[in-house]
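Worksheet: one structure, shown below.
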2 protein chains.
Amino acid sequence: MLNFAKSADGLLPAIAQDYETREVLMLAYINELSWQKTLETGTAHYWSRSRQKLWLKGESSGHVQKIHDILVDCDEDTVIFLVEQVGGAACHTGHRSCFHRKVQGSELITEGEKLFDPEMVYGKK
Amino acid sequence: MLNFAKSADGLLPAIAQDYETREVLMLAYINELSWQKTLETGTAHYWSRSRQKLWLKGESSGHVQKIHDILVDCDEDTVIFLVEQVGGAACHTGHRSCFHRKVQGSELITEGEKLFDPEMVYGKK
């Protein structure tokens, strides 16, 4: 159903989008294993490129993403997870969306408030 | 503003999303050149991985994407182009969105009608 062979590293981009508002919450990568885990559990699983391991989104914060629908593109090399974002925020910064900054000239302007304090959720680092 | 060095091939994913309905239309890749062209012209430019060249979306079909806003993610390695899709359809199949198929069990179910006939737009191949 997906063409994992298309990318050199076996990873394909997965867009998480709010199933109601259609806001794009984040983009992460999936491999065959995280794709199977997502289908089996109905909860978004990605492949962490930094940690090189299977990543259940929300495993630390509890802010998991419940899958409502999955869309596949024409080339079968990108998917959209239409999700319910538990806890309201997808971004590790506490913002609802990872895309909370807008280009304005040569600046990036932050929009929207933080829904949680990262230190409270992940602990001080 | 973007961290092109983060990917081995210098390409970052760009999500094209309808600026009004927030429907995700397509995902393609940008390099530094296509990013600069997009900012300069206000029209979405990508990097074609198959043709290995700068790709003005709509250069064949006339179905260009006018940029309304650009969002940047927390890692500065993915962007969203909020666009007005001229001609109504972003997908080379004639569908509005490249993501016109939904996972249903082990099947992919096509949703929505074609807005144009690819043969009329691109010619027979």
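Residue 1 is the first one shown; counting continues down the chain.
Placed from the backbone N, Cα and C atoms, the Cβ positions cover glycine too.
Note: TrEMBL annotation is automatic and uncurated.
The Cβ neighbour count for A:D75 (Mg(2+) binding site), using a 10 Å radius and every protein chain shown, is 16. The Mg(2+) binding site feature in TrEMBL is assigned to A:D73, A:D75, A:D77.
According to DSSP, A:C91 (Zn(2+) binding site) sits in a coil region rather than a helix or strand. Residues annotated as Zn(2+) binding site in TrEMBL: A:C74, A:C91, A:C98.
The feature domain 'Phosphoribosyl-AMP cyclohydrolase' is assigned by TrEMBL to A:26-100.
The binding-site residues examined here are A:C74, A:C91, A:C98; by Cβ neighbour count within 10 Å, the least packed of them is A:C74. Each of the binding-site residues A:D73, A:D77 was scored by other CB atoms within 10 A of its CB, and the lowest score goes to A:D77. For the pair A:D77 (Mg(2+) binding site) and A:C98 (Zn(2+) binding site), the C-alpha distance works out to 22 angstrom. Here the domain 'Phosphoribosyl-AMP cyclohydrolase' (A:26-100) returns a mean pLDDT of 97 for the predicted model.
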